[in-house]
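Please read the structure below before turning to the comments.
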Amino acid sequence: MATVSSEKGALLPKKASGQLPSSITGRPRFKNTTLQRDGAPNAGTPTEHSYQKLTTAGGSSELHSGASVKSVTGTGQNVVDGTAGLTSGVQRVLNNEKASEGAHSSERGARVMDEASRRAAELEAAADKLEQTETVTVNYDTRGLTSDQVADLRKKYGWNEVKPHQVPEWFKVLKKYLSLVPMLLIVAALFSVCVVEDNMRDWFSFALLLFLNNSMVWADYIGQRSAHNAIAAVEKLGAPVCQVKRDGQWQNRQVRDLVPGDVVHLKAGVIMPADGVFVTKGTTITVDESALTGESVPIRKRPGAPLLSGSVVDRGEGEMLVTKTGNDSFYGKTLSLLARAERQGYLETVLHRTSLFITFVASCCAAFLFFWQSFNSDWKLIIPERRYLIALKHAFILIASVAPAAMPVVTTTVLSVGALIITKQNAAVSRLSAIEEAAGVVILFSDKTGTLTKNQLSLFKEESMIEPGYDEETMLLYASLCSDTQEPEPIDRTINAAADMTERAKYQILEYVPFNPVDKRTEATVVSPEGKKFITTKGAPHVIRDLVCYEDQKLREQLNELILNKAKRGLRTLGVAVKPVPDGVAGDAPRWKLVGYLSLFDPPREDTAATIQRANELGIRVIMVTGDQQAIAVETARQLHMGTNIVGPEIWKEEKETGLVQGKALAEFIETVDGFAGVFPEHKYAIVNAMMDAHKLVAMTGDGVNDAPALKRATIGIAVSGATQAARAAADIILFAPGLKTIITVMSLSRQIFKRVESYIIFRIYTSLIILGMWWGCIVILRYQFPSWTLVLMSMINDFVLMSCSRDRVASSTSPMIWSMLRVICLSTWLGFLATVSILLYVVFADPSHCVNWWPRWGLPKFTPDWPLPVSEHFMSYQTNAGVWLLMTVLIQFSFQSVRTRGLFCRYNENNQFPALVIIIPQICAVVVTIFLSIYWKIAWRPGSGPRMVGINWGQAWVTIFWGILWFFVMDATKIGFYKYAWPVITRNVVYKSIAETACQREIENNNVASKVMQNTVHFLEERERNVEKLEEKVEDAFLAAVTDAGELVKNDHGKSHIDRKEHKVSPEPGKTSTEDEVSLPRKDANSFVVSITSEEGACRTGFDDADAGTAKHRVAVDQKNREVSRSSGKTSIPLHPDVGKGCAVPSITR
């Protein structure tokens, strides 16, 4: 069992004046953290652990005094770090001074000693101001908990999971009933049964509306719950796992299994699974608590320091003792008060806006028809009684028939089906909206190792470089000593397999620092079998090079050449170095010594080249972002047939200093390259952030804790197989299989989902406009009333048929899919207009109340005139209602086959696949049932109020179907024309909003952007031409004025002046020019125009005088020789008009 206690300890008294503080002499100033372990040889008594090395934020400091220093909590740690670091520095300097002779050395030593004493006194004074420091005593069993103890503790504390505020299920259902469309359906149902029309109540419409309302609400609720359950099941498969010690053995357990008292192993990238205390002696870890406290700088934790759940291990490795779990933890207490807020995707936003748009248009149309039926004189005769109530009833039924009741169901179904398909591709979606957002991704930033390559390293021993004095076995041994053996990375696994692990077991590892993307190396403090202590490290070749070269420029050049030559052949080099640890003897700090370089090869994956080609076909640029060397990245790109324009880390220095890279903004520069090499995590974030700010949809792959910010910033963050918990938590899509193929497959599937939803929206707006247009035309133009219950019946059938569109068989687009509601509305409005025209023409042609009556021309009997119109002498036919019903059904059901593709509906190919049976069968059933009902409907059948309906014969039915199919072909042809001709014109002349502005503000479409650039260019050229013309006029006026003024000033007695071209002067007579006669242009006003004319160079410099300073500003050069105008010499010039500057061939005229 583990116990945690604390006590207060006072600071030690200050040393007497003139003596060094205790920090210099090595004696501790603070009460120390005491770690007590049950089961240890000295169990039962607190044990002091002596640390020979204390690592600080700025590096490591050696404590040669042998003081017993333990970790402390609070601000006192800074004092310990500062004084400890000062100790080693002073002792090192003093030792050097003892070895030197002379008065100069003694004086220097005294100065150093005085400075050390002064700084130590400052730290001592700061420490005195600190409050008493709390001492933490941790008692725990190093063997971990037993299974019985875990069972007892779980009964007491429960599972280690955070349960946020749960919304009751009944409230979720009620909230759906209280949304806009269900409320409209309920109001329409109440009006249909409460308002009496033709001496009857419309119970049929009431039942249909309630059935439709309940069906859609519950279908939406069940589908949403199923989607969340599916995602929860997938998340459970990828649930975070930690290493916990149970029954004396390290075991992999899910985080939710932890209980207070468990001992958990921590390493870089692990999210803290619970609250606890860091208990590993002799080491520290760095923890990122920014998500909890907002502190952006990682915090160093020493033994006894508290650890908060939800924080992330940034660097280091060690053990944690769990103290609080679940809702009792820091993270749990905060989250339990909050309901989980899901990010709404753009798909949901589009569908919600579409629903509001349709409802708004329907409401406006219904309001107009309400006033028309209420106050129009003709309708006063048609509906003589309860006219206002009946008109209001028709208005609400019209809105209910048009409102998209099935839209939420379609949203949930489409995304749920997509998530299920993606799961089968060895991937999990943590956010449903990420599925549709992936459809617009234009750039994929991919890591190299493990994604483009196999991450299965092979050691090439014959390519190794070994320094004199070492052999291959020794180099492998040193590399293995600083490698992980419990959970080895691929590099560690390769080295351990080649090294002599029996010999390795003879060495004692005191401290191990794992790899992190910032330092790019591992390090271990080791004791040899002979008792000698040394530090060994392995890491990136340039990092090891910098460690061992110091000021040896020749060695640096040799290593650079070695590393570059290996990299050009695709070999990864791994440097190995060692340095001894002095045994408490003061002197110079030991330096790193190079052991050699290992050569590793990571072959590309077999399917990567084909996958990249597939990505290019889909319009997705794959840009490599790797921490490896530039030469290795170029060679890998060459093998994968990618672009080889891969830049190195040198660009980031330029970008930091100037904000530009090679004269371009970062986002613009990224568009021109094929990859980045030698990047650090902050560079990944900068790349993603630049593209997001440039309105691009991008995806980023990552696996480390430092990749989390970039994954979070990207439109789609993708955690690759084997990613850390922090990377998975920040990602939108988690991969369970290595490679790039799964990513491209997910993006291809997302485009299919996008096309399904786009087809659904076009179709839904189109059907709503058909009903609105038909009802409006019949009421306003034809004064014809259609049975309102048929609208409800058609609406219900359409909504149920539409639900199947989520499983339509569609091909993936070959270019990124970009939302444009303007395109959707324009197309659906045009198709709805054509369908409305066909219905109104059918009523005019078929009904006996109009003069056409085309049935005899078809060899068929006329419709029976059985409904007298009060406003005319004509009779309408109840058969017209049946014919209109059948025609609307044909137009609606057939039109889906047209809107699902941009080409000819029946031309099936790889871009237009044959529709799924789940789509065709419901549509055929709807048409067949309507045909039989429209033919065999009896006049006695009257399910609802309003006009009656009588069936037509088979001949009339086939003519009606033929009329509908004819207009269907017309609509399909005009749809092709819309995409080919009309839409490009609209995009060039109309500014519209799309997902680029709402989701991440990316560019709308490439064609539109190119058109805009061209327009801006033309405008710029026209504006520049106008400015040049103005400048030419101004320069010409200045020339004339200057010459005229000069001539007036130097006239002789005869009223003439002489121009001496040789001497470049103007005088009254040749050879008599004096100082008094020098030309001087008069200063006419505060901003007089000044001209300087030089005949030899043929240039005229013009400018405006500054009244205060008397200097020319905004100077413009007119080069007569080259016929150009420019701002200054060497700058961009503009061609000069041929007639400008003819008076330039005069001598120099200056002030």
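Placement of Cβ uses the backbone N, Cα and C atoms for every residue, glycine included.
Just so you know, TrEMBL annotations are computer predictions that nobody has curated.
For 1-76 (among others), the entry in TrEMBL reads region 'Disordered'.
The compositional bias 'Polar residues' annotation in TrEMBL covers 19-36 (among others).
Summarising the annotation, TrEMBL assigns compositional bias 'Polar residues' to 44-76 (among others).
As annotated by TrEMBL, transmembrane segment applies to 177-197 (among others). If one looks beyond the transmembrane segment (177-197) by at least 6 residues along the same chain, the residues whose Cβ comes under 8 Å of a Cβ in the stretch are 203, 205-206, 209-210, 212-213, 216-217, 355-356, 359, 386, 389-390, 392-393, 396-397, 399-400, 403-405, 407, 788, 944-946.
Sequence-distant contacts of the transmembrane segment (356-375) (same chain, at least 6 residues past either end, Cβ-Cβ under 8 Å): 180-181, 184, 383, 387-388, 390-392, 394-396, 398-399, 402-404, 764-765, 768-769, 772, 775-776, 779-780, 825. According to TrEMBL, the transmembrane segment annotation covers 356-375 (among others).
What TrEMBL lists as transmembrane segment is 395-422 (among others).
Beyond its flanks by at least six residues, the transmembrane segment (761-782) meets 350-351, 354, 357-358, 361-362, 365, 368-369, 372-373, 379, 398, 401-402, 404, 407, 791, 794-795, 798, 802, 805, 824-825, 827-829, 831-833, 835-836, 839-840, 843-844, 884, 888, 891-892, 895-896, 899 of its own chain at Cβ-Cβ distances under 8 Å. Residues annotated as transmembrane segment in TrEMBL: 761-782 (among others).
As annotated by TrEMBL, transmembrane segment applies to 788-806 (among others).
What TrEMBL records for 818-845 (among others) is transmembrane segment.
Sequence-remote contacts of a segment are chain residues at least 6 beyond its ends whose Cβ falls under 8 Å from one of its Cβ atoms, and for the transmembrane segment (875-896) they are 759, 763, 766-767, 770-771, 774, 784, 786-787, 790, 794, 797-798, 801, 805, 831, 835, 838-839, 842-843, 846-849, 863-869, 919, 923, 926-927, 930-931, 933-935, 937, 939, 947-952, 956-957, 960-961, 963-965, 967-968, 971. Look at TrEMBL and you will find 875-896 (among others) tagged as transmembrane segment.
Annotation comment: TrEMBL describes 917-939 (among others) as transmembrane segment. Note on the transmembrane segment (917-939): residues 797, 800-801, 804-805, 807-809, 878, 882-883, 885-886, 889-890, 893-894, 896, 948-954, 957, 960-961 of its chain, located 6 or more positions outside it, place their CB under 8 angstroms from a CB of the stretch.
Per TrEMBL, the feature transmembrane segment maps to 951-970 (among others).
Sequence annotations record features per position, and here TrEMBL assigns coiled coil to 1014-1041.
For 1051-1067, the entry in TrEMBL reads compositional bias 'Basic and acidic residues'.
Residues or ranges marked as region 'Disordered' in TrEMBL: 1051-1082 (among others).
Residues or ranges marked as region 'Disordered' by TrEMBL: 1119-1151 (among others).
Where the transmembrane segment (395-422) meets the stretches 788-806, 818-845, 951-970, the count of C-beta pairs under 8 angstroms peaks at 788-806.
Long-range neighbours of the transmembrane segment (951-970) within the same chain, counting only residues 6 or more positions beyond its ends whose Cβ lies under 8 Å from a Cβ of the stretch, are 834-835, 838, 842, 846, 855, 858-861, 863, 879, 882-883, 886-887, 890-891, 894-895, 898, 931, 933-938.
As a whole-number mean, the pLDDT of the coiled coil (1014-1041) in this prediction is 57.
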